Amino acid sequence: MTQDEMKKAAGWAALKYVEKGSIVGVGTGSTVNHFIDALGSIKDDIKGAVSSSVASTERLKELGIEVYECNDVAMLDIYVDGADEINAAREMIKGGGAALTREKIVAAISEKFVCIVDGTKAVDVLGQFPLPVEVIPMARSYVARELVKLGGDPAYREGVTTDNGNVILDVHNMQITNPKELEDKINGIAGVVTVGLFAHRGADVVITGTPEGAKIEE
């Protein structure tokens with residue numbers, strides 16, 4: 001089974017958690033694209049979706065799924081999204097696709113976070129994947145200096161503007177042994193919109209695509 005086939009297995013397995021008549025929180029990325037395709041197969045059974053990115057919104061609309069504004073929804077039953085890394089405590093690094101802030105917002109209004117990944121995303125310690133930080137453009141240099149003080153090696157993601165009009169710093173060489181503490185520290189830097197650590201709001205369910213099919217941990 002290829003890596004993409006494992007992603008597909010995880011994406012389709014997440015349909016188990018979609019309630020009839022519900023509005024579904026939808027993340028961003030290659031694994032989520034498989035979930036969106038799966039959602040299209042039951043589009044008449046759901047009310048619609050709240051999307052975390054322009055890219056996911058376009059894909060949902062192409063499949064005929066109604067997309068609601070986040071401000072028009074009080075609470076979602078589930079949010080389905082991928083991760084760049086996930087540890088045993090279900091804390092994650094996300095934001096490789098630059099949608100981290102909107103992903104955090106949709107996760108915050110969801111009762112259950114279902115994380116869909118392939119087996120390559122599981123790690124013992126977070127930080128091998130560069131940690132994305134969304135930053136107000138005028139604060140980029142200042143935030144980079146502050147991230148160096150925290151032991152990181154930040155790199156400006158050239159040519160990338162987020163859906164919110166901001167920039168991304170990718171922080172390399174971090175051994176993140178206390179994700180919640182680091183999430184708080186980075187979010188406390190002036191000019192940071194949010195950091196791609198999902199530690200305070202980790203995953204409730206992890207669906208991993210494996211060569212044998214989807215493995216579900218609740």
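A Cβ is built for glycine as well, from the same backbone N, Cα and C atoms used for every other residue.
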Inset, instruction - Please pick, from LYS47, LYS61, LYS121, LYS149, the residue that Swiss-Prot records in the substrate site together with THR28, GLY29, SER30, THR31, ASP81, GLY82, ALA83, ASP84, LYS94, GLY95, GLY96, GLY97. - result: LYS121
Legend entry - Inter-residue Cα distance where the pair is GLU103 (active site, proton acceptor) and THR28 (substrate binding site), in Å: 8
Inset, instruction - In whole Å, note down how far the CA of GLU103 (active site, proton acceptor) lies from the CA of LYS121 (substrate binding site). - result: 18
Legend entry - Subset of binding-site residues (SER30, ASP81, LYS94, GLY96) lying within 10 A of GLU103 (active site, proton acceptor), CA to CA, in sequence order: ASP81, LYS94
Inset, instruction - Mind telling me which of the binding-site residues THR28, SER30 has the densest Cβ neighbourhood, counting other Cβ atoms within 10 Å? - result: THR28
